[in-house]
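These notes concern the structure reproduced below.
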There are 2 protein chains.
Amino acid sequence: MYRSHTCGELNANAIGKEVTLAGWVQTVRKFGSITFVDLRDRYGITQLLFGETLTPQLDNQPLGREYVLQVTGKVIERTSKNKNLATGDIEIDVTSFTILNKAATPPFTIQDDTDGGDDLRMKYRYLDLRRNAVKRNLELRYAVNRSARNYLHENNFMDIETPFLIKSTPEGARDFVVPSRMNPGQFYALPQSPQTFKQLLMVSGYDRYYQVVKCFRDEDLRADRQPEFTQIDCEMSFVEQEDILQMFEGLIKRIFKDVRNIDYTETVQRMTWNDAMLKYGNDKPDIRFGMELANLKTVFEAQTGDAAALEIFEASGFKVFNEAETVLAIAVPGAADYTRKQVDELTEWVKRPQIGMNGLVYIRCGADGSFKSSVDKFFNEEQLKTIAGIAAAQPGDLVLILAGREERTRKAISELRLELGERLGLRRKDEFKLLWVLDFPLFEYSEEENRWVARHHPFTSPKPDHISVMIENDPEIRDAANYLQHPYANIKANAYDMVLNGNEIGGGSIRIFQRELQEKMFAALGMSKEEALHKFGFLLGAFEYGAPPHGGIAFGFDRLCAILGGSESIRDFIAFPKNNSGRDVMLDAPAAIDDKQLTELSIKLNA
Amino acid sequence: MYRSHTCGELNANAIGKEVTLAGWVQTVRKFGSITFVDLRDRYGITQLLFGETLTPQLDNQPLGREYVLQVTGKVIERTSKNKNLATGDIEIDVTSFTILNKAATPPFTIQDDTDGGDDLRMKYRYLDLRRNAVKRNLELRYAVNRSARNYLHENNFMDIETPFLIKSTPEGARDFVVPSRMNPGQFYALPQSPQTFKQLLMVSGYDRYYQVVKCFRDEDLRADRQPEFTQIDCEMSFVEQEDILQMFEGLIKRIFKDVRNIDYTETVQRMTWNDAMLKYGNDKPDIRFGMELANLKTVFEAQTGDAAALEIFEASGFKVFNEAETVLAIAVPGAADYTRKQVDELTEWVKRPQIGMNGLVYIRCGADGSFKSSVDKFFNEEQLKTIAGIAAAQPGDLVLILAGREERTRKAISELRLELGERLGLRRKDEFKLLWVLDFPLFEYSEEENRWVARHHPFTSPKPDHISVMIENDPEIRDAANYLQHPYANIKANAYDMVLNGNEIGGGSIRIFQRELQEKMFAALGMSKEEALHKFGFLLGAFEYGAPPHGGIAFGFDRLCAILGGSESIRDFIAFPKNNSGRDVMLDAPAAIDDKQLTELSIKLNA
């Protein structure tokens, strides 16, 4: 061993000891005939004192930043102690030293507040990983991993590894594929998730399964997506939804406690998907703050809106509202005195292409009980008061109203709400609010293909009392314009998402475990019997031999870590992430391969 | 929850309780008006009693093997207790039951001693996994996983995930590759191991790293190989070989204790590669038994053999020995009275093509002090006695002698030794003997390419006192016939293998951490500067910024589990293994993919 101690463990108790340390040179400070060096390793920083004898040697062998150094010396008390450092009471009076390796000057500073840009730090990721900020992220990630494993182990879950070289069954996202040399013309696929395997393990009687496992999706990347990502993947037998919710609230609470020392004692809130959409315009609402939507006028789930509001709109003759499918409002607390400039800026904000609204209507609810709006021509103060009341506005609030097509308007007001929550400081990084969103629709309608697609995945069971609706009705959509009238449109899934601070951190469902229902599901999704058998014959087969009721959940491990670490970006929590083009710029991968490799794999490039 | 208890937990303490169980029907036994059912789940088996009221209902809804059943009833004391079963004191007096799912008759019996053949069990792997024998294997695997993680965690190792979509740098084994849709004509590779990443993590200062991680090698499969396999992968900074040996002996001892309750208190033996080859003919000797080789005549590592033996051979005029490069012997304990038939069978055994020897010479060492051999024409009894003595034969032993070309003969006698150890019952499955094999050659000579290849991998450091030999000499082999005289032939690696009962379960090395030495290594392996930079530029770059001394090890997790479980086959310890053609016969993977997928990936089949 090159050291007797790490750079993080020596304190006043060690004074007088002879020790050997090894680590990286963080700083070198020469004061006349003596030199101080801060030596860094994973565990901390220890100050080294090179006295009058050794300092001249340092002049011959000067130490640079990031040199790897081994020193031997005696632990002595510091004259000026550093209370911010675990080792701040002591320093090492160095008696001998060895430079184990030199270092070129790093292309950016190894500090929390580095001068390195994103691209440079990705190229030299091995240096970026030295920065404390990144190291803390990976330590947090490991702590989450460890905490999750311990909790699941204590609850009788078993880690069982599932294969990575499987069969391509693209549903939704694209598979990454792997040409098989030994089976020319054939390909493996990398798993998008171990979904079918964990279900087979339930059929096999393993009862409780987990894995912290890499998954792969060949999607066009967005800022916060990676082609390979990690899931905490779990499945349980003989359970109903309630059992899953309780087990996995427990998991997240345990992680809060172990990783952030947070006692999450309050009851985890639950909300139906319907309510989430109505109140927040969003299936993963951030419930750290209010500003719930007022559904003044809407067609969501065959509703019409607020009766009083509709009456006022009709009377007003204000076309923008009257001709809109949907009119939604939020009351921004204490924002009645926003300047004209501020309101104009918000208007521009909702008109950006990402949001896509035509304009923004506001009502200022004066602290004095007055109501002024941008549409005073159409509404009198009494009418404005009524509308503000529906939006639950208090004196001093600013009511913001958007109107337009249902889906776009709901999405827009949801974004606006989040943006204002952010601006008003209502989305605090150190506050954590969990929420279960329940009762998702089982199907979504695909206009393009005029058929149903699975909202979650094809293995999700309908709610128990909706199973018969699915079995007894023909999935075919004969009247595309009125697809909402098809009985399938109202089938709810036995599915649940866990939402943390407005982010979906996990999702799952109670699964179908009967062959007939699974076959009906495949048929509902437009799969022929042959196709279903070709792709999922093994699962349909397994369901014939005594499949138990089962269900599960998968957590997005990267995102969970990022949120716990108070960050927006999952990349900061991955040791070697890829950029937005799916490239590893450090490795320079992907890259061309040899012709010999292509030939062996029986493939050619198709330029 | 479909149950109040599992099928493994109820005992006499629960008598009188109302319980609900769920599980699989193992057996149904009807005795007149009552019926006994054994209900099975992961945790055990509980006996159910259907009394006179319910048995008629069972006649209407007969239970089959593997039906999924939920029952409610009262725990009662059994009249005839089963002491072999944790639940053997009680049974459930069933008051109501629900068939949760029916089951077709399984294609083979779900029993330890199943009637299912290998192919059938692989196709219905989800049923095979129900068998207790397989379940125990996966439970053992999880216990090893858990034990390893705990030990490594307690020793400050951090689990850090490394990427799966990396760059193809084929050295030795072939890479599996993944075409990139977003980067047409380019490919990712799946990692053969996280080798370079864990080294980068050491450069980044993470100090101690581990991962239980899937690795991929596109090799022609042998019986006991899988295209995807799992490693316990570890790396440490600021260590020398001794530190690694102690740390990872500790790991394996901990696993022995946690998983098999074995206190492995004896010192783990160590042996140089030279000694292993001389004494056992093998770099992974099984030291559970003796029968060490007598090197009567040899050219191994420029040795000549035993002086007394050489003199006897010369005097004898026995061409077979005199013209052979190598003559090796073992003394088989207590086998002097093998029948002629037994000896003939052994002779046939060594003449099989897999072994490839021309014949077998024997000396019977009589309990009475006599010596008789198959070559009595050439050797007198005194000479036979001397040779037997060199082989350390005792009265009653049978000395077996092989002669021929060095490499083949050494391999053959090693195989013969293992075979006889097996036949004599000296290789006990419940006896575990660990061994470190040290000081491997750094290079092997490739006759085909007339160059050096890395025996371990290109990142392994030479022994400290051999570094200068490597730096100061030109790797080029000018005289191919005498490559053994090249200074590189004698460079030993700072590498170590851990051997358990004759199986390599782990291997590693102290790594090169200096750019110049790493460049010299790439050059020695015939890589041009450009090629080295293209493939490993990131690692060479990393070594410029303060790389610490480091080293590590990787354990073959599948094999380790198999040996601990007393099995020869790693497949029995993998939930969803592939067959010898790399196929998953349950999924029917690999398989053809859609033309659309090929087009998107910018590749074509090359039939």
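Placed from the backbone N, Cα and C atoms, the Cβ positions cover glycine too.
In TrEMBL, annotation is done automatically, which means it is predicted and not curated.
Summarising the annotation, TrEMBL assigns domain 'Aminoacyl-transfer RNA synthetases class-II family profile' to B:138-577.
According to DSSP, B:H456 (L-aspartate binding site) sits in a coil region rather than a helix or strand. Taking Cβ-Cβ distances under 8 Å and a sequence separation of 6 or more, the neighbours of B:H456 (L-aspartate binding site) in its chain are B:F440, B:L442, B:A493, B:A495, B:G507, B:S509. Feature annotation from TrEMBL assigns L-aspartate binding site to B:E171, B:R217, B:H456, B:R511.
Under the heading region 'Aspartate', TrEMBL lists B:195-198. The average pLDDT computed for the region 'Aspartate' (B:195-198) is 97.
Under a cutoff of 8 A between CB atoms, and with a sequence separation of 6+ in the same chain, the neighbours of B:F557 (ATP binding site) are B:R141, B:V144, B:N145, B:V212, B:F229, B:T230, B:Q231, B:I232. DSSP gives B:F557 (ATP binding site) a helix state. The ATP binding site feature in TrEMBL is assigned to B:R217, B:D218, B:E219, B:Q226, B:E504, B:G556, B:F557, B:D558, B:R559.
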Exercise. Where does B:E504 (ATP binding site) sit in the DSSP three-state scheme?
Worked result: strand
Problem set entry | Alpha-carbon spacing, B:R559 (ATP binding site) to B:R217 (L-aspartate binding site), which is rounded to whole Å | 16
For this session: State the non-local partners of the region 'Aspartate' (B:195-198) in its own chain: residues 6+ outside its ends, Cβ under 8 Å from one of its Cβ atoms.
Result: 162-163, 209, 211, 233-235, 457, 459, 536, 538-539, 552
Exercise. Residue counts in helix (H, G, I), strand (E, B) and coil for the region 'Aspartate' (B:195-198), per DSSP?
Worked result: 4 helix, 0 strand, 0 coil
For this session: Around the Cβ of B:R559 (ATP binding site), how many other Cβ atoms lie within 10 Å? Please give the count over every shown protein chain.
Result: 22
Problem set entry | Site with most surrounding Cβ atoms, counting all protein chains shown within 10 Å, from the binding-site residues B:R217, B:R511 | B:R511
Problem set entry | Whole-number Å value for how far B:E504 (ATP binding site) lies from B:R217 (L-aspartate binding site) (Cα to Cα) | 18
Exercise. Roughly how many angstrom lie between the C-alpha atoms of B:E219 (ATP binding site) and B:R511 (L-aspartate binding site)?
Worked result: 25
For this session: Just jot down the residues in the same chain as B:E504 (ATP binding site), at least 6 apart in sequence, with C-beta under 8 A of its C-beta; none if empty.
Result: B:D283, B:K284, B:D497, B:M498, B:G556, B:R559
For this session: Based on DSSP, name the secondary structure state of B:R217 (L-aspartate binding site): helix, strand or coil.
Result: coil
For this session: Would you give the longest CA-CA distance, in whole angstrom, between residues of B:R217, B:D218, B:E219, B:Q226, B:E504, B:G556, B:F557, B:D558, B:R559, the set recorded as binding ATP?
Result: 20
